[in-house]
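S.K.: Supplied in structure tokens, the structure appears directly below.
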Amino acid sequence: MADVVVGIQWGDEGKGKIVDRIAKDYDFVVRYQGGHNAGHTIVHKGVKHSLHLMPSGVLYPKCKNIISSAVVVSIKDLCEEISAFEDLENRLFISDRAHVILPYHAKKDAFKEKSQNIGTTKKGIGPCYEDKMARSGIRMGDLLDDTILEEKLNAHFKAIEPFKEAYDLGEDYEKDLREYFKQYTPKIRPFIKDTTSMLIEANQKGAKILLEGAQGTLLDIDLGTYPFVTSSNTTSASACVSTGLNPKAINEVIGITKAYSTRVGNGPFPSEDATPMGDHLRTKGAEFGTTTKRPRRCGWLDLVALKYACALNGCTQLALMKLDVLDGIDAIKVCVAYERKGERLEAFPSDLKDCVPVYQTFKGWEKSVGVRKLDDLEPNAREYIRFIEKEVGVKIRLISTSPEREDTIFL
């Protein structure tokens, strides 16, 4: 059976810590979408690890880690991550169906961002997915055969010829790209496998599989705050599509949310706090992007968005992250509805324009940092947790009270 870990906000919820905390109980940990525009931050034995493509199970020697077919892969960045770990043989596998991000994709991304101003990381994620949908992309499996790779490269050079100047590719682009593959392909080849068959067989044999998403539900290309979204499907449903596991294989869906809200880049954010309180949350929560180092926009927990995300994903349990960031705040707000042009909205709309948050205020608490038992939390903190559970309709089974792996309350 497989369990899914999915972010139910705008990403950066703390999925890495949760996966790292529970990965030891699984045979496989699988990253099922996105690219190196997302980052997993894990603190292990006092050392901070920032992972962008590698599944969070790499810190456990007995865990097999898979990058599945819906992930788009920068082979340069993946090679750099691989070099930071030892003994990855037979522990890391990359789907032969996953698509390769080319340097061209990053150039195109930067060019388009000038006019669209979506707030992308300009890592080439979107353009790579564009080529995938246009059926013109290069897949990891193509790297296993030099003849096929050469054919794919020639087709790529022909297709981009009209855009070389616009995307500032340079006169030596063809030569440079061939050198690029020559440098990184030998390092990547040993890890490329038919991971779809591997996972189907593992599931049939009763292996325990953990499916790890990137970004968050509200950034989903179809169901998120379009056009300010990522280029992939971020909900739990995409875990099946990417891995080849059928929906019957899914057991638990663990939704990850912070005790407050954050967002990186542009786009609507009804519960954003533009006062010094937002700055306080950012500073105390160390809310800066793992990948870009950009400061995250911060605000109060949005239960309208949270209920929507839980319904989309079929969450069976929740993990509440960074409760300790709210320590010492006298009055804590929670968005319980929106108001738009005199109308109260309790369902998440497709367009958040003109939506104003309706808040309910709770008394704060002094300290929760480092607490590992529910009974040791102050009454006001427990009341806050119970309110979230009641409103969302999903039990909170895990509460994080610091970045350290051990500072976790299990319920």
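Using N, Cα and C of the backbone, Cβ positions are placed for all residues, glycine too.
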S.K.: Kindly point out which candidate in Arg282, Arg294, Arg340, Arg344 is recorded by Swiss-Prot as part of the IMP site with Asp12, Glu13, Gly14, Lys15, Asn37, Ala38, Gly39, His40, Thr121, Arg135, Gln215, Thr230.
M.R.: Arg294
S.K.: Given the recorded positions Lys17, His40, Lys293, Arg294, and counting only Cβ atoms in the protein chains shown, which has the most within 10 Å of its Cβ?
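M.R.: Per the Cβ count within 10 Å, the most buried is Lys17.
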S.K.: Select one residue from Gly11, Gly14, Gly39, Pro295: among these binding-site residues, choose the one with the most other Cβ atoms within 10 Å of its Cβ.
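M.R.: In terms of Cβ crowding, the pick is Gly11.
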S.K.: Which has the fewest other CB atoms in a 10 Å radius around its CB: Thr121, Thr401, the listed binding-site residues?
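M.R.: Thr121, out of the binding-site residues Thr121, Thr401, has the fewest neighbouring Cβ atoms within 10 Å.
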S.K.: What subset of the binding-site residues Gly14, Pro295, Arg296, Leu323 lies within 10 angstroms of Asn37 (IMP binding site) at the C-alpha level?
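M.R.: Passing the 10 Å Cα cut: none.
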S.K.: Can you give me the Cα-Cα distance between His40 (active site, proton donor) and Gly14 (GTP binding site) in Å, rounded to a whole number?
M.R.: 8
S.K.: Among the binding-site residues Asn37, Thr292, which residue has its Cβ surrounded by the fewest other Cβ atoms within 10 Å?
M.R.: Thr292
